[in-house]
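Heads up, the thing below is written out as structure tokens.
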């Protein structure tokens, strides 16, 4: 291939990575802005409406181990392409307009996102082995930006087009198909070699590094989803108007993007990520504490600090997965373990915090519980951030 051809190929690769990353969250984030319409149209209860997102988040955890099996059989690039196409099918099915299709489509979309979540760190390791920090920053920023776009533009798009929730939520299939077209050239190449001979899955589970990385991934996901689910309600209960509470959530998203654009690049050059995960956890703790002690005093400050901490935390969790394993196959295996446990834990967080709020009648106890989770995140991050490689992570496939 000529130099020009190589440049074009690399541009397509980077563009495909960015567009694929933008598709990792809109199917999730685009539901809540029109949830009341979905519930009214289909006659769903509050529990039934909440189950739409719950189904997807549970799939992110339970089905994550499927991704390494597919990646080993078909290759990382083809698995990512399949995930994009399955995602497009899932969001269209979800918008079909009846309850069975709603939940079935949510499950299909959740399955696709689970697969893509797991393979993305391996894709970065495979295509950019010398620039893992930089391209982790690129795709995590795309992930956060995609969520912000979906949550911020769903209702305005509804108003601008005159469409209902079905058509607007189904539009998430368009960028998924566009990403699939851009990624197709990568999938046409023969799959990269899978690496060394597979070792049993139990060998991966026996390593302390695996469990420290998994704990860090799970706890930062838990503290993130607690605030994502409840922070607007917390601010409204403290006396802020609903629109201001929504703006504050948007401010958090902007702060997250700032962190994801910078932190992985800096941390990826360091031998140890302990200072970075410590700073991220402390920022998250300050954000939680500010909301607990003085929610209406300087809420913009608490949300900015919280967003910086949470954005840095998710970026570092995914970066550490890519750094601790030696090759793309191992990265995918470690990613599956960490994200499977992480999203199962994250799915429980909002429910448990809601139960604590209901039983206590206020937000003090739930926020204290969140602070406790942040403290555990700090400990897990200290262990995961040390430059200790994972041994035995080559594959999730085992002959147990």
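Placement of Cβ uses the backbone N, Cα and C atoms for every residue, glycine included.
In TrEMBL, annotation is done automatically, which means it is predicted and not curated.
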According to TrEMBL, which of these ranges is transmembrane segment: 79-96, 151-168? 79-96
Can you check which of 18-36, 132-150 TrEMBL lists as transmembrane segment? 132-150
Taking the transmembrane segment (45-67) as reference, the highest number of CB pairs under 8 angstroms among 132-150, 170-189, 333-357 goes to 333-357
Mean predicted confidence [pLDDT] for the domain 'Major facilitator superfamily (MFS) profile' (9-387): 89
Cβ pairs under 8 Å only, please: of the recorded stretches 170-189, 209-235, 247-267, 274-294, 333-357, which one is richest in them relative to the transmembrane segment (132-150)? 247-267
Positions whose Cβ lies under 8 angstroms from the transmembrane segment (274-294), at least six residues beyond its ends: 216, 220, 223, 227, 231, 234, 259, 263, 266-267, 301-303, 305-310, 312-313, 316, 320, 363-364, 367-368, 370-371, 374-375, 377-378, 381-382, 384-386
Given pairs 6 or more apart, does the transmembrane segment (247-267) have at least three Cβ pairs under 8 Å with the transmembrane segment (209-235)? yes
Sort out the residues at least 6 away from either end of the transmembrane segment (333-357), same chain, that have Cβ-Cβ distances under 8 Å to it, and list them. 54, 57-58, 60-62, 64-65, 67-68, 114, 117-122, 201, 204-205, 210, 213-214, 216-226, 228-230, 317-318, 321, 324-325, 363, 365-366, 369-370, 373, 390, 393-396
